[in-house]
Amino acid sequence: MQTILYAIPAFGLVALLYTAIKSAWVTKQDAGDEKMSTIARYIAEGAMAFLKAEYKVLTYFAIIASIFLFYLGYVGEKSSPIIVGAFLIGCIFSALAGFIGMRIATKANVRTAQAAKTSLSRALNVSFTGGAVMGMGVAGLAVLGLGSLFIAFYYWFVQRSGASASSEEMEIALEVLTGFSLGAESIALFARVGGGIYTKAADVGADLVGKVEAGIPEDDPRNPATIADNVGDNVGDVAGMGADLFGSYVATILATMVLGREITVTDNFGGLSPIILPMLIAGLGIIFSMIGTLFVRVSEGGNVQAALNMGNWSSVALTAIASYFVIDWLMPETLNLRGYEFTSMGIFWAVIIGLIVGTLISIITEYYTAMGKKPVMSIVQQSSTGAATNIISGLSVGMMSTALPIIVLAAGIVFSYSVAGLYGVAIAAAGMMATTAMQLAIDAFGPIADNAGGIAEMSELPKEVRERTDILDAVGNTTAATGKGFAIASAALTSLALFAAFVGISGISTIDLYKAPVLAGLFIGGMIPFVFSALAISAVGRAAMAMVQEVRRQFREIPGIMEGTGKPEYDKCVAISTKAAIREMMLPGAIALIVPLLVGFGLKGVFEEVSSAEILGGVLAGVTVAGVLMAIFQSNAGGAWDNAKKSFEKGVMINGVMEYKGSEPHKASVTGDTVGDPFKDTSGPSMNILIKLMSIVSLVIAPHIAVRETPPPAPETRPDLEGAIQRVEKAAPAATAQYPVPAKQVN
């Protein structure tokens with residue numbers, strides 16, 4: 001048993017070793033001429049300046065949260081002050097995941113641009129390897145952190161006391177381990193929201209003034225917001241996404257482990273098999289993601305998307321096959337969770353269901369957001385009558401795109417539950433996230449290629465270089481959209497698993513919607529994603545307004561910018577985005593953390609007929625359903641608007657007339673894209689973290705608001721008259737014999 005436990009963090013170390021080797025390879029590649037290196041340095045310095053400012057603020061948050069967690073761990077019967085250590089390690093690892101991604105992306109971008117001078121194949125190799133460094137780094141940190149902490153807590157709380165895997169001591173160990181996930185998701189939320197505000201403020205400002213007003217192309221060095229825009233690609237789509245998927249990966253595994261503790265099994269691993277299975281599947285996913293990277297190869301003029309798909313599907317298929325053998329070897333034949341009996345093969349089928357659900361939702365997302373598909377072309381056609389009809393069409397596409405993913409998700413939940421109960425739902429999410437390393441590699445290569453195109457444009461490289469980077473960028477847009485769909489699906493399943501774990505630990509058997517406080521909680525939960533989105537989008541609007549005003553000022557006051565003789569003040573725009581993102585990210589992030597605390601502790605004991613834990617369950621149900629729908633709607637609407645705009649670059653036929661960049665329909669599509677930018681890159685992706693973080697906070701406080709079972713009332717005591725009469729009657733003959741009653745004399 002010890003060997004298998006130590007194998008889990010070993011998977012993480014292998015991933016980090018791979019990260020170091022590939023990072024060194026990327027660094028050795030040619031970084032181009034002095035002009036390219038100077039532009040790349042501007043981008044790297046801006047990105048690191050933002051990260052430094054963000055992490056400084058988040059350090060204060062971590063200290064305050066640690067004090068609160070220490071108090072909860074100190075006073076709680078089923079927790080421990082050690083949870084603070086797990087929380088801080090989660091914060092550090094999440095921040096490190098974002099840093100690794102940012103560091104490699106700002107090195108790979110200029111090297112991809114230089115490689116594109118040679119061939120498309122070489123450019124793909126450099127950009128994808130940069131993405132793989134991030135993917136393996138994120139997965140490696142997650143598995144190393146979870147595996148190492150589990151070994152430590154298992155020894156400290158369980159082995160030392162000689163307790164079993166399903167004991168109360170194991171519940172405490174996993175409750176403390178939840179702190180690691182809380183730290184990871186907390187940093188992820190702020191990184192995602194802050195990064196999204198930064199990148200979209202710069203993007204909207206650069207597009208509105210540069211493309212629409214000044215009529216200059218994207219990434220033109222004359223645009224003062226160009227550097228900030230390219231910094232934003234790294235801040236939001238690399239560091240933010242890395243922290244996001246790190247948190248998702250950890251939360252998925254942890255939710256399955258918490259439910260696994262409730263399964264009492266007889267196995268060869270001390271009853272630990274349901275607990276360690278998700279970590280083993282994650283470790284296998286890392287190994288097969290590494291193998292999958294070997295399949296990502298393309299020739300000049302080849303299909304880049306097909307090459308990426310080959311790497312992705314190969315890693316998924318190999319992980320699925322390996323999962324069968326691991327489950328067959330590790331798990332006992334039959335298991336039981338909360339009265340629901342299932343088999344080890346049911347667990348395997350749940351893993352397969354999770355992989356299928358993730359694949360189908362990715363395909364559906366691609367259909368609604370890809371260029372040339374009917375939904376995007378409908379937006380293109382309606383751009384001919386102006387920005388208003390473009391926006392109306394985009395909203396319609398986004399709303400309609402929720403139908404099929406929700407049906408697939410609902411079917412996945414039902415089928416995974418039918419084969420393995422609630423554990424099946426959780427392990428389906430774990431199976432879906434097993435190849436996160438490969439998914440993230442594919443996602444991260446897009447922003448790297450986008451940055452490479454920007455550097456090529458600003459460095460005035462030959463036309464064929466930009467054409468090659470544009471091919472990679474176009475594929476990157478599609479992979480980013482499908483990756484978001486995949487993340488939404490995993491977040492939904494993970495939240496359901498966390499919800500089930502919360503119900504078990506808090507001691508509530510049902511969540512009764514007939515009780516008014518619970519129904520009120522459901523509505524409040526449904527409202528939160530809308531308020532959260534409003535705060536995030538309005539933050540982008542305010543920051544973009546400041547950016548637009550600054551860009552206009554520079555065009556107006558700095559002579560020679562449009563002629564190319566004057567140099568824009570790039571650092572002013574970078575500073576505007578940085579300050580706005582740091583200032584605006586706090587309030588949306590605070591909502592996810594504070595609402596569960598207010599409901600759980602604030603309403604404790606307020607209602608006689610319902611506990612605060614049950615009301616909080618209603619809030620979680622509402623926020624999960626509304627959050628998933630909002631995430632799908634916003635991500636797909638934004639992606640469709642973006643690719644509708646890009647469709648004009650090669651020209652599109654509208655009402656028998658070919659329309660290109662610079663035309664009136666194109667300008668309308670740019671307006672639509674600027675509306676969609678905060679949808680797909682700020683509020684939409686943040687929904688995933690919102691619903692998971694609220695569930696994790698609820699799970700952390702669950703032991704403190706748990707419903708304690710009270711013994712049944714003693715029966716009412718009253719004189720036993722019947723018994724007394726019977727006892728008297730039985731005693732009467734004996735008494736008569738001993739003391740005969742004299743016969744009545746008759747006169």
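Glycine is no exception: its Cβ is also placed from the backbone N, Cα and C atoms.
Fair warning: this is a prediction, and the values are worked out from it, not measured in the lab.
Annotation source TrEMBL lists site 'Determinant of potassium dependence' at Ala480. Sequence-distant contacts (6 or more apart, same chain, Cβ under 8 Å) of Ala480 (site 'Determinant of potassium dependence') comprise Asp237, Asp443, Gly446, Pro447, Gly639.
Taken from TrEMBL, the feature transmembrane segment applies to 6-26 (among others).
Remote same-chain residues near the transmembrane segment (82-105) are listed as 19, 23, 26, 47-48, 51, 55, 58, 62, 65-66, 69-70, 72-73, 130, 133-134, 137-138, 141-142, 145, 149, 153, 156, 175-188, 191, 234-235, 238-243, 246-247, 250, 444, 447-448, 451, 700 (criterion: CB distance under 8 Å, separation of at least six residues from the stretch ends). Taken from TrEMBL, the feature transmembrane segment covers 82-105 (among others).
According to TrEMBL, the feature transmembrane segment maps to 126-157 (among others). Note on the transmembrane segment (126-157): residues 5-6, 8-9, 11-16, 18-19, 22-23, 25-26, 29, 80, 82, 86, 89-90, 93, 96-97, 100-101, 104-105, 107-109, 111-112, 115, 163, 169-170, 172-174, 176-177, 180, 184, 238, 242, 245-246, 249-250, 253-254, 257, 276, 279, 282-283, 285-286, 289-290, 293, 296, 308, 436-446, 448-449, 452, 472 of its chain, located 6 or more positions outside it, place their CB under 8 angstroms from a CB of the stretch.
Long-range neighbours of the transmembrane segment (275-296) within the same chain, counting only residues 6 or more positions beyond its ends whose Cβ lies under 8 Å from a Cβ of the stretch, are 4-5, 7-8, 10-12, 14-15, 18, 124, 128-129, 132, 135-136, 139-140, 142-143, 146-147, 150, 165, 170, 174, 249, 252-253, 256-257, 260-261, 269, 307-308, 310-312, 314-315, 318-319, 322-323, 326-327, 330-331, 347, 351, 426-427, 430-431, 433-438, 441. The transmembrane segment annotation in TrEMBL covers 275-296 (among others).
The transmembrane segment annotation in TrEMBL covers 308-327 (among others).
For the transmembrane segment (347-370), the residues of the chain that approach it from at least six positions outside its boundaries are 277, 281, 316, 319-320, 323-324, 327-328, 331, 335, 376, 397, 400-401, 404-405, 408-409, 411-412, 415-416, 419-420, 423-425, 427-432, 478, 481-486, 488-490, 493, 635-636, 639-640, 642-643, judged by C-beta separation under 8 angstroms. What TrEMBL records for 347-370 (among others) is transmembrane segment.
Marked as transmembrane segment by TrEMBL: 391-415 (among others). Tertiary neighbourhood of the transmembrane segment (391-415): same-chain residues 353-354, 356-357, 360-361, 364-365, 368, 375-376, 378-379, 382, 425, 428, 485, 488-489, 492-493, 496, 628-629, 632-634, 636-638, 640-641, 644, 671-672, 675-676, 679, selected by CB-CB distance under 8 Å and a gap of 6+ residues from either end.
The transmembrane segment annotation in TrEMBL covers 421-442 (among others).
Marked as transmembrane segment by TrEMBL: 486-508 (among others). Panel annotation: around the transmembrane segment (486-508), residues 78, 171, 175, 244-245, 248, 251-252, 255-256, 258-259, 262, 338, 354, 357-358, 361-362, 365, 405, 408-409, 412-413, 416, 422, 425-426, 428-429, 432-433, 439, 611, 613-614, 616-617, 620-621, 624, 627-628, 631-632, 635, 685, 687-689, 691-692, 695-696, 698-699, 702-703, 705-709 of the same chain, lying at least six beyond its termini, place a Cβ under 8 Å from a Cβ of the stretch.
As annotated by TrEMBL, transmembrane segment applies to 520-544 (among others).
Taken from TrEMBL, the feature transmembrane segment applies to 585-603 (among others).
Nonlocal intrachain contacts for the transmembrane segment (615-633), taken as residues 6+ away from its ends with a CB within less than 8 angstroms of a stretch CB, comprise 398-399, 401-402, 405-406, 409, 484-485, 488, 491-492, 495-496, 499, 502-503, 506, 508, 511, 513, 517-530, 533, 595-596, 599-600, 603, 607, 683-685, 687-688, 690-691, 694-695, 698, 705. Feature annotation from TrEMBL assigns transmembrane segment to 615-633 (among others).
Ranked by the number of CB pairs under 8 Å to the transmembrane segment (421-442), the listed stretches 6-26, 308-327, 520-544 are led by 308-327. Outside the transmembrane segment (308-327), and at least 6 residues removed from its termini, the chain residues within Cβ reach (under 8 Å) are 128, 277, 280-281, 284-285, 288-289, 291-296, 344-345, 347-348, 351-352, 355, 359, 431, 434-435, 438-439, 441-442, 445, 475, 479.
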